[in-house]
Ligand SMILES: Nc1ncnc2c1ncn2[C@@H]1O[C@H](COP(=O)(O)OP(=O)(O)O)[C@@H](O)[C@H]1O
Ligand SMILES: O=C(O)C1=C[C@@H](OP(=O)(O)O)[C@@H](O)[C@H](O)C1
Ligand SMILES: [Mg+2]
């Protein structure tokens, strides 16, 4: 069966929803950030600080192409992945893509709530600091930069996506 890719901004719910969707469909679940962490033996903040973003984007492109097409997998991508190294074209050629379209304002709220509940996770995303007063501006800029790529997805789900809503929209795509 076709692979299913979840794309969208950080904290749009790709990893959380992806796991639930995979369980529901009895597909495998993979998270490209986790694949990179395993391959590198380092955390994402460590990769960014020691090797830089360019290196991270190359690792993303490599792990994406290492996933078997047609392998009945739900793939949670990193927020920036579709926007580098022709990854969106590759995603479109090898599976069904779903864009979780969550506004920068809603993302900000999620990140801040998450940082309050789990302070240890606050540094997990090197490009987004939940305590930064400029975070909303950063998120708006990233959203504007990425939206033309994200919109190329086969399916767009706006706002809080439920597994059922995704299953309904997937319909004939599988
Ligand atoms: N639909 C949702 N509504 C509110 N919070 C959510 C939702 N989906 C995910 N979250 C929360 O947002 C945070 C990041 O979710 P995650 O699935 O890791 O996003 P992504 O993989 O897109 O970065 C987590 O704290 C998660 O609980
Ligand atoms: O938006 C981005 O560029 C990034 C998003 C992160 O993934 P999530 O979207 O799963 O948070 C992770 O890949 C890295 O911190 C860079
Ligand atoms: Mg994720």
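Glycine is no exception: its Cβ is also placed from the backbone N, Cα and C atoms.
Within 65, 68, 125, 140, the residue that TrEMBL lists together with 11, 12, 13, 14, 15, 16 for binding ATP is 125. Among the binding-site residues listed (12, 13, 14, 16, 57, 125), 12, 13, 14, 16 have a CB atom closer than 6 Å to some atom of ligand 1, in sequence order.
Residue 14 (ATP binding site): 28 other CB atoms within 10 A of its CB, across all protein chains.
With a CB cut-off of under 6 A applied against ligand 3, none of the binding-site residues 11, 12, 13, 16, 146 are retained.
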